[in-house]
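> Sharing the feature lines straight out of Swiss-Prot:
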type	residues	note
ACT_SITE	CYS79	active site, nucleophile
ACT_SITE	HIS166	active site
ACT_SITE	GLU168	active site
DOMAIN	2-188	domain 'Glutamine amidotransferase type-1'
Amino acid sequence: MKIYIIDNGGQWTHREWRTVRDLGVDSTIVPNTVDADVLADADGIILSGGPASIESEISKLGNIKEYMHRYNYPVLGICVGAQFIAIDSGGRVSKALHAEYGKKIVNFTSKDGIFYNIPDSINAWENHNDEIKSISDDYIICAYSDTCRVQAFYHKNRDIFGVQFHPEVNNTEHGTTIFKNFIEKCRR
């Protein structure tokens, strides 16, 4: 099994790689500009977080649109990766009313997809200035916080998932469980 971590310039991309590796899966970090042919053997991809502001810097996200649409593997978007999925679906992302950095309580309304075996509420690590305001009806919004309406979502028919928070950071409770559940989707 092989999972590629698409590097969007996030400070914790190596944590995502290490978490997947520590769960026993071959993983490789690649820049978001790599040719999509490199991902032909992928069983899944993770779109890392990054410093890009979607509104003004979407070009810094390289080829991730092609990576999502060329192959039919599971996709997990983290932070700016999730924001890209929302925009790609026809949703909207813009500046958050309050930039977030630190722990936040995230409440789950549904635990389907990769969000099973997680409590109804977790402490999660946040680090974002932009946030998802809306997403296409093809997706289910399954988690929120008191300041961010879209903390997690999943596609109704495909294995595409997104989280605004950072499950790879130790301060996020049950973050490893989210990665384990994603890996299980990649095994199918």
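In case you wondered, yes, glycine gets a Cβ from its N, Cα and C as well.
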> In the three-state scheme derived from DSSP, which category covers HIS166 (active site)?
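The residue in question, HIS166 (active site), is coil (DSSP, three-state).
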> How far is it from GLU168 (active site) to CYS79 (active site, nucleophile), counting Cα to Cα, in Å?
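Rounded to the nearest whole number, the Cα-Cα distance is 11 Å.
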> Could you check what DSSP calls the residue listed as 'active site, nucleophile' once collapsed to helix, strand or coil?
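DSSP assigns the residue listed as 'active site, nucleophile' to coil.
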> Average the pLDDT scores across the domain 'Glutamine amidotransferase type-1' (2-188) and report the rounded value.
93
> What is the Cβ neighbour count of GLU168 (active site) at a 10 Å cut-off, with all protein chains included?
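The answer is 28.
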> Does anything in the same chain, at least 6 positions from the residue listed as 'active site, nucleophile', have a Cβ under 8 Å from its Cβ, and if so what?
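Looking at Cβ-Cβ distances below 8 Å from the residue listed as 'active site, nucleophile', excluding near sequence neighbours, one finds GLY10, SER48, GLY49, GLY50, ASN127, HIS128, VAL163, GLN164, PHE165, HIS166.
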